[in-house]
């Protein structure tokens, strides 16, 4: 039986979306937390930008849902997010020569990567084809609009892919850059389109504990208060692509009002460790509630980009872990069974919950990239991320540009077309 035969999805009712269930899982582990004191600033940034290597064991099955934008009639059997990678030799739409905005850390060819076969694959959904990204079509849809990516460094990775794709049609103007290069604004004057990166670690307000005058890597998260770094811009946005996960793989304490209601990776008698997925669920729930209760956000479209997995093998980031594969996994190598799918399932459940509570014309949907990216261990920078001060460490969290991450924008355009 093929993977697709195993994964028939029963439909259910969502006002703007389709839902379904799957039973397949991926079984992977993360190591115990490893706190390094006195690292250089660069090493600290790398740790914070990437997935902390923490073990997360799932001891129960999860009723997993797949949420899809409601298709047009002629596409009623098209599941954009369930499929396989198939050979394709058209190559990438852009190169590291034709896109001037690729950051050094994602410019894998410039940093010495020689193999190129990882570019010769395209995502093939069940029962339909996913068109290649069309910058003209995209810019026509978002003409006169503002779109923001809300999230961490993987969200930034996503927006960097989009910038490369759009710049083949129109080169954007840098409109804003903060002192840490986290919050950015680009403007496409011909189409009057504004693109924003709104950085957030946890979606909700978080404060790092200081112990003996030093940063501890332990955070207090306040579920009653969202991160104003993104929330204060909501009223100006037409589209939001929201994501988060990697910052939660560390010791955190969840506060509601004046009470600590739960924690992650703590060992205290009077506090319950509810795990990463629970903490993420509460953060997304708070974020979606903020959007739904925004009185000046009528008509805003919110898309949740699901969890993007890492692919460390033979260790973890700090124990020699690497990601040296040069081609995708096939479906026989994927066993859906661990935390990646618990997180993804939770995210889809929360976006469905938000959609059911949608107010004042607000719309919610999903960019479900998890399945596609679980199959792409070959797409990470690995050793080719260009940091001369961290030789021996590999980036198996972010994605090369160009690379498999570009499919996220193929999917984004397909979803926007269905909404348009």
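From the backbone N, Cα and C atoms, a Cβ is placed for every residue, glycine too.
It should be emphasised that the depicted structure is a prediction, and the values quoted were computed from it without experimental measurement.
Under the heading active site, nucleophile, Swiss-Prot lists 153.
Residues annotated as active site, proton acceptor in Swiss-Prot, with similarity to another entry given as evidence: 398.
Summarising the annotation, Swiss-Prot assigns disulfide bond to 78-128 (among others) and lists similarity to another entry as the type of evidence. Mapped onto three states, the DSSP output places residue 78 (disulfide bond) in coil.
Residues or ranges marked as disulfide bond by Swiss-Prot on the basis of similarity to another entry: 99-164 (among others). Over all protein chains present, the Cβ of residue 164 (disulfide bond) has 26 other Cβ atoms lying within 10 Å.
Annotation comment: Swiss-Prot describes 108-400 (among others) as disulfide bond. Sequence-distant contacts of residue 108 (disulfide bond), defined by Cβ-Cβ distance under 8 angstroms and a gap of at least six in the same chain, are 381, 382, 384, 385, 400, 401, 403.
Among the features that Swiss-Prot reports, disulfide bond is placed at 323-396 (among others). Annotation note: residue 323 (disulfide bond) sits in a coil segment as assigned by DSSP. Cβ contacts within 10 Å of residue 323 (disulfide bond), excluding its own Cβ and spanning all protein chains shown: 21.
Residues near residue 96 (N-linked glycosylation site) in space but far in sequence (CB under 8 A, at least 6 apart, same chain), listed by position: 102, 107, 109, 110, 401, 402. According to its DSSP assignment, residue 96 (N-linked glycosylation site) is coil. Residues or ranges marked as N-linked glycosylation site by Swiss-Prot on the basis of sequence analysis: 96 (among others).
Counted within 10 Å of its Cβ, the other Cβ atoms near residue 192 (N-linked glycosylation site) come to 13, all protein chains included. What Swiss-Prot records for 192 (among others) is N-linked glycosylation site, and it gives sequence analysis as the kind of evidence.
Among the features that Swiss-Prot reports, N-linked glycosylation site is placed at 212 (among others), with the record citing sequence analysis. In the three-state DSSP scheme, residue 212 (N-linked glycosylation site) is classed as coil.
What Swiss-Prot lists as N-linked glycosylation site is 270 (among others). A 10 Å cutoff on Cβ-Cβ distances gives residue 270 (N-linked glycosylation site) a total of 5 other Cβ atoms nearby, all chains included.
According to Swiss-Prot, the N-linked glycosylation site annotation covers 324 (among others). Packing around residue 324 (N-linked glycosylation site) is summarised by its Cβ count: 15 other Cβ atoms lie within 10 angstroms of its Cβ, all protein chains included.
Beyond its flanks by at least six residues, the motif 'DXXH motif' (395-398) meets 46, 49-51, 105-106, 153-154, 157, 246, 308, 310-313, 317, 321-323, 377, 380-382, 385 of its own chain at Cβ-Cβ distances under 8 Å. Look at Swiss-Prot and you will find 395-398 tagged as motif 'DXXH motif'.
Residues or ranges marked as topological domain 'Cytoplasmic' by Swiss-Prot: 1-30.
According to Swiss-Prot, the topological domain 'Lumenal' annotation covers 52-420, on the basis of a curator's inference.
The annotation transmembrane segment is assigned in Swiss-Prot to 31-51 on the grounds of sequence analysis.
Distance from the CA of residue 270 (N-linked glycosylation site) to the CA of residue 212 (N-linked glycosylation site) is 24 Å.
Note on residue 78 (disulfide bond): other Cβ atoms within 10 Å of its Cβ, all shown chains, come to 19.
Here the Cα atom of residue 78 (disulfide bond) is found 31 Å from that of residue 153 (active site, nucleophile). Per-site Cβ counts within 10 Å over the recorded positions 153, 212 peak at 153. Classification of residue 398 (active site, proton acceptor) by DSSP places it in coil, neither helical nor stranded. Sorting the disulfide-bonded residues 396, 400 by the number of other Cβ atoms within 10 Å puts 400 first.
In this structure the C-alpha atoms belonging to residue 324 (N-linked glycosylation site) and residue 164 (disulfide bond) are separated by 25 Å.
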